[in-house]
Structures are given as C-alpha cells and as structure tokens.
C-alpha cells in the first residue's frame with residue numbers, strides 16, 4: 001500500500017465515523033507523524049510504498065482516532081500561539097478560544113509597560129501545558145529585555161507531573177517561565193501586575209462532557225463545584241491579596257457564564273469590570289482592575 005492508497009482509505013473510514021471532523025487533515029497529520037515526512041513530501045511522492053513497520057504504526061494511530069481520541073493526545077503535542085507544546089492526558093488541550101485571554105492580557109501588559117516599571121510580574125493559575133504563560137513570555141520577554149525591565153512569569157498547577165510538562169514546554173521553546181506546584185494561591189508569595197487563569201468552569205452535569213474531545217480530557221481540569229463557578233469565585237475572592245495596586249485579573253469562562261462572573265467580580269469590589277468575546281462572538285474572558 002502506498003501513501004495515496006492509505007490516505008484514501010483512512011479518509012473514508014474517518015468520514016464515516018465522524019462526518020463533522022476534517023478527515024483529510026486528520027489522515028495527513030497521522031501519516032506525517034508515522035513517516036516523519038512533511039505534507040509536501042507525502043503529496044508530491046504519494047506513490048511511495050509504506051513498509052510493514054510504518055503500516056502497523058498507522059493502523060494503531062488510526063484506530064485511536066476512530067475511537068474519538070483527540071489528535072493532540074495521539075501526537076503528544078499541540079500548537080498554540082505559534083508555539084509547539086507537549087501535551088499529555090493529564091492536561092487540557094490548548095484551544096484557539098484561549099488565545100482571546102492571551103490577546104487581552106498582552107494589550108493590558110503593553111499599556112502598563114509603557115511606563116517602564118523596573119519589574120513586571122505575571123501569575124498564571126492552573127497553567128496546564130503552560131500555554132498562556134509561555135505565549136505571554138514569547139511576546140513580552142523581547143520588549144522587557146530591550147527596556148531593561150525585569151519580567152517574571154510564574155505558572156502554577158496542582159499536579160506535579162503537569163508542572164513538569166509545563167517546564168518541558170518552557171525548555172522546548174527556550175522561554176524563561178518558572179513553574180511551581182500549588183493549589184491556586186497556596187504556595188504563592190509576593191504581588192503581581194497581572195493574574196491570568198483558565199480554571200475549571202464546567203458544571204459536572206453538563207452534557208457536553210460526554211461529547212467530542214472533552215471525553216478524553218481530565219475532569220479535574222474541566223469541572224468545578226457550584227454549577228462550575230467554585231474555582232472562578234475562589235480566584236476572584238483571593239486575587240486582591242496577590243495583586244499590586246491597579247493590578248488586573250483575567251479569567252476565561254464558559255460562553256454562558258459572563259453575566260454571573262461579572263456579578264462575582266462586582267460583589268468583591270473590583271473596578272472596570274468587562275467581558276471580552278471570542279472568535280465565535282461568545283462571552284469568553286472577564287477581567288477586573290483592583291484599586292488599593
């Protein structure tokens with residue numbers, strides 16, 4: 001069997017199993033992963049015969065995808081903000097919607113850095129793969145270095161193996177971010193200019209937990225008590241103790257949670273509270289300023 005024949009069969013199998021997914025992209029990605037060849041090489045030399053060892057590997061990879069396992073877990077990596085990140089089944093798969101959080105955090109950080117402070121600190125709570133912290137570092141580090149501003153970005157997660165994974169991503173992308181084991185603020189000291197988080201915010205009864213990629217992701221990173229609001233509320237209530245004056249907290253949340261999250265911010269005396277919409281025009285990130 002050659003590349004062209006395998007692709008045709010794989011695309012047909014995937015399309016039959018999951019008509020809503022892009023079967024051609026999935027099949028190509030799996031073939032690239034198994035062969036180590038680029039997409040261009042595969043398509044240009046599609047009459048290349050697949051040897052037995054690679055064919056067996058492809059069969060195993062395709063079987064996992066046909067069972068619904070996310071491509072990111074099969075490959076062990078995912079791209080986010082143009083960074084290649086290692087992923088594991090102990091972490092959420094970074095999603096495009098989370099780039100909204102990064103974009104807004106960058107906008108606020110750049111405004112604050114216009115004043116050339118001597119140092120600038122950012123805390124990422126529940127960091128997972130480190131995606132948010134590393135994306136911010138990739139954009140802010142060159143600017144801070146140029147302006148002689150000491151940039152410190154810390155990412156924390158409760159699971160030690162997840163912390164190790166995030167650290168491996170910092171090393172893989174040659175970015176200076178410190179990752180620590182901590183349940184939210186437990187092991188955190190000092191104050192920050194920005195705190196960002198994509199915490200668990202799904203209600204345990206949500207039917208979407210049994211659909212698509214989410215079925216394979218760790219519940220601990222998805223589900224929160226109090227109909228999904230417990231961790232959001234905890235962070236909003238405790239963050240002021242860890243923010244500098246005029247510091248900002250930015251939280252990602254579910255598309256129907258904006259109004260409730262804004263009310264929790266306001267109940268806790270935050271100012272300039274606003275919600276940012278994602279690429280699908282859904283309320284996705286809410287932020288507030290803490291004035292001491």
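Cβ from N, Cα, C; glycine included.
On a predicted model such as this, the values are computed, not experimentally measured, just so you know.
As written in TrEMBL, here are the features:
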DOMAIN    5-76  domain 'Release factor glutamine methyltransferase N-terminal'
DOMAIN    120-261  domain 'Methyltransferase'
BINDING   126, 127, 128, 129, 130, 157, 184, 198  S-adenosyl-L-methionine binding site
BINDING   198, 199, 200, 201  substrate binding site
> Within 10 Å of the Cβ of residue 126 (S-adenosyl-L-methionine binding site), how many other Cβ atoms can be counted across all chains shown?
Replying inline: 25
> Which ones in the same chain are close to residue 198 (S-adenosyl-L-methionine binding site), with CB under 8 Å and 6+ residues apart in sequence?
Replying inline: 92, 98, 101, 126, 128, 132, 251, 252
> For residue 157 (S-adenosyl-L-methionine binding site), what residues in its own chain, 6 or more apart in sequence, show a Cβ-Cβ distance under 8 Å?
Replying inline: 126, 127, 128, 163, 166, 179, 181, 182
> Any idea what the Cα distance is from residue 130 (S-adenosyl-L-methionine binding site) over to residue 200 (substrate binding site), rounded to a whole Å?
Replying inline: 15
> Roughly how many Å separate the Cα of residue 129 (S-adenosyl-L-methionine binding site) from that of residue 199 (substrate binding site), to the nearest whole number?
Replying inline: 13
> By a simple count, how many Cβ atoms lie within 10 Å of the Cβ of residue 127 (S-adenosyl-L-methionine binding site), its own Cβ left out?
Replying inline: 29
